[in-house]
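Listed in Swiss-Prot for this protein:
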{"type": "MOD_RES", "residues": "S2", "note": "phosphoserine"}
{"type": "REPEAT", "residues": "34-64", "note": "repeat 'ANK 1'"}
{"type": "REPEAT", "residues": "68-97", "note": "repeat 'ANK 2'"}
{"type": "MOD_RES", "residues": "N96", "note": "3-hydroxyasparagine"}
{"type": "MOD_RES", "residues": "S201", "note": "phosphoserine"}
{"type": "MOD_RES", "residues": "S225", "note": "phosphoserine"}
{"type": "MOD_RES", "residues": "S243", "note": "phosphoserine"}
{"type": "MOD_RES", "residues": "S244", "note": "phosphoserine"}
{"type": "MOD_RES", "residues": "S245", "note": "phosphoserine"}
{"type": "MOD_RES", "residues": "S319", "note": "phosphoserine"}
{"type": "COMPBIAS", "residues": "322-337", "note": "compositional bias 'Basic and acidic residues'"}
{"type": "MOD_RES", "residues": "S366", "note": "phosphoserine"}
{"type": "MOD_RES", "residues": "S369", "note": "phosphoserine"}
{"type": "MOD_RES", "residues": "S373", "note": "phosphoserine"}
{"type": "MOD_RES", "residues": "S540", "note": "phosphoserine"}
{"type": "COMPBIAS", "residues": "641-651", "note": "compositional bias 'Acidic residues'"}
{"type": "COMPBIAS", "residues": "654-663", "note": "compositional bias 'Basic and acidic residues'"}
Amino acid sequence: MSELSDEASEPELLNRSLSMWHGLGAQVSREELDVPLDLHTAASIGQYEVVKECVQRRELDLNKKNGGGWTPLMYASYIGHDTIVHLLLEAGVSVNVPTPEGQTPLMLASSCGNESIAYFLLQQGAELEMKDIQGWTALFHCTSAGHQQMVKFLLESGANANVREPVYGFTPLMEAAAAGHEIIVQYFLNHGVKVDTRDHSGATARMLAKQYGHMKIVALMETHSPVLPKSLYRSSENYEDLSSSDESWPVPQRQRPCRKKGLSIHEGPRALARITATGLGGKTPDSYEQVPPRGYVTFTSSDENTMEGEGLCYRDVTSPINERDVESSSSSSREEPTFCASLGPVWRSSSSDGLARAQGLSSEASIESNEDSDHARKSSVRKQTRTYLKNKSRHNNSDGHWPSSTGTARTPGSEPQAEKSPYSGPQDLATLLEQIGCLKYLQVFEEQDVDLRIFLTLTESDLKEIGITLFGPKRKMTSAIARWHSSARPPSDALELAYADRLEAEMQELAIQLHKCCEEAEALRGQVSQEQELRAVVESCLLEQDSARKDIHAQLQEAQTLAQDAALVLDQLRACQAELSARLKQHHSPSEATQNPPFLPADSKGWPIPLQALSLPELSGALEDRVHEMGIMLRNAEPGETTDAEWEEMEGTIARRDDSDVG
């Protein structure tokens with residue numbers, strides 16, 4: 001739905017009034033075309049400020065439905081306006097109100113692949129298994145549209161993958177297999193769905209994939225299902241047309257559940273002009289040749305009986321909002337008018353959604369974008385035309401011969417080209433193997449139940465897996481398959497044949513090398529990611545170590561300062577002790593003092609006055625102060641080893657000793 005979303009060019013629209021094209025010659029005043037925005041219109045075109053103003057006023061019913069039965073939340077969910085959906089959900093709107101067809105906002109978001117919106121809705125209590133009037137759940141809608149990531153998201157959210165719709169008895173796996181969505185089928189198989197469930201007609205998902213020509217899905221499902229006896233597939237009573245030995249291999253037209261046909265958001269300006277005829281004075285404008293503006297592509301039928309009554313004429317198929325859609329789709333439609341007008345059953349690729357499933361295509365299903373169904377879906381209408389014509393000539397040959405050269409669509413004014421005479425090709429696998437000299441390998445293919453139709457879909461790796469290991473026969477088979485798919489005549493000379501075979505071999509070798517390079521690139525990305533994680537871990541460890549080192553350095557500096565202070569106090573204590581001892585000796589032994597030489601004066605390092613000038617009480621007090629300072633420093637250096645009471649007791653002991661010495 002991304003190609004139809006107006007998110008890409010929304011700023012260009014905000015400066016323009018809401019008006020519509022009424023055709024050439026319609027005289028409409030500007031005042032008649034200026035329409036005020038209501039809540040539903042603002043939610044549909046992404047006018048966040050208008051919706052915010054309506055919510056803040058609290059005068060409007062945010063769950064009110066318009067004439068079509070849609071609420072503002074439905075429009076925002078369908079088109080993909082995440083911010084508006086979030087705003088409405090915060091305002092408390094109901095998330096399970098259905099449309100007249102029974103479709104909830106979750107179903108509308110799923111049908112368009114809006115994963116973020118689906119996530120918001122589920123967070124607000126949206127019912128995952130709610131069904132519409134057809135019995136389809138949200139998983140059915142995104143499966144039918146081919147939105148791979150939405151299917152994966154719903155499966156991870158707990159959606160029931162084995163639910164069945166009541167009309168045909170289809171399961172989501174059957175819908176994906178019949179539509180040709182390989183990756184979605186792979187998701188279902190990995191999720192563990194039941195592969196042997198049958199619909200009301202008795203067909204399984206594998207049979208439906210085979211019926212509509214999706215052989216890759218058939219091979220994919222065979223690897224996830226038990227091997228059944230050949231008699232079950234060869235029975236003449238049931239599913240005889242599904243036998244792999246049917247060489248004509250017509251691709252039947254898939255009948256889809258019919259939807260109520262009415263005005264859609266994609267109907268274009270003509271439908272809007274019809275329902276707003278009152279703006280022209282209530283009169284229908286006269287019929288004249290009208291040319292739509294740039295961005296609206298119309299299909300004109302050159303055949304009177306082609307698509308008559310299907311409502312395909314003058315129908316816009318591109319969004320005029322996206323300029324890239326205008327340039328691509330309009331030019332392609334002008335170049336291929338014949339194909340668009342005479343669209344029949346279309347040969348569908350098993351990895352994409354194609355143009356349409358049948359003639360009775362609806363306006364919603366025929367133009368719905370499928371950006372995540374396949375990254376290779378951006379091919380133009382011209383390429384799809386060639387594919388359609390080639391496969392039509394290949395598979396609708398009534399005589400079973402090989403196709404002639406690919407037909408070319410006749411454009412207006414061009415002369416018909418002379419058709420080349422067709423040549424007769426092999427009608428079965430034995431004839432083909434005999435022509436290329438590999439008839440001895442027929443038994444190998446018969447053991448694997450491979451006929452001509454399946455043989456033409458094999459690759460070099462498939463042949464090697466079957467048992468064709470010799471290089472020569474394997475190269476002959478791949479070259480024959482390549483020539484058949486290109487609808488080319490066998491070369492008339494050996495040199496041309498060798499050149500064609502060499503080109504085919506080089507292409508296959510390049511494909512193998514590309515696959516290997518992609519795997520190596522993915523492995524290198526993983527290694528780079530691991531190295532980035534390791535680097536982040538190492539950097540965090542280094543930062544922690546650096547922080548720890550800085551803390552230890554600061555502690556060492558603090559300890560060094562304390563040690564220096566303690567050394568100074570210790571020197572002072574020694575000087576004080578020496579002076580005190582000298583005086584005590586003089587006081588107790590005066591006679592000895594006269595006989596012996598006097599003591600040398602103590603070194604008074606750091607003392608403000610000489611120690612000799614202090615009296616004994618003063619000297620004792622100074623000694624007590626220095627002991628107290630020493631205790632404080634030791635406690636700061638080694639906290640917790642000596643309690644305060646012990647230090648006080650130690651200081652008291654020293655003081656008493658000094659007093660006794662003085663006495």
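A Cβ is built for glycine as well, from the same backbone N, Cα and C atoms used for every other residue.
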### Message
Can you give me the Cα-Cα distance between S201 (phosphoserine) and the residue listed as '3-hydroxyasparagine' in Å, rounded to a whole number?
### Response
33
### Residues near N96 (3-hydroxyasparagine) in space but at least six apart in sequence (CB under 8 A)
T104, G125, A126, E127, M130
### Query
Any idea what DSSP makes of S201 (phosphoserine), helix, strand or coil?
coil
#### Entry: Model confidence over the repeat 'ANK 2' (68-97), averaged pLDDT
94
### Task
Would you mind checking how many other C-beta atoms are within 10 angstroms of the C-beta on S540 (phosphoserine)?
10
### Query
What are the helix, strand and coil residue counts for the repeat 'ANK 2' (68-97) according to DSSP?
17 helix, 0 strand, 13 coil
#### Entry: Helix, strand and coil counts within the repeat 'ANK 1' (34-64) (DSSP)
17 helix, 0 strand, 14 coil
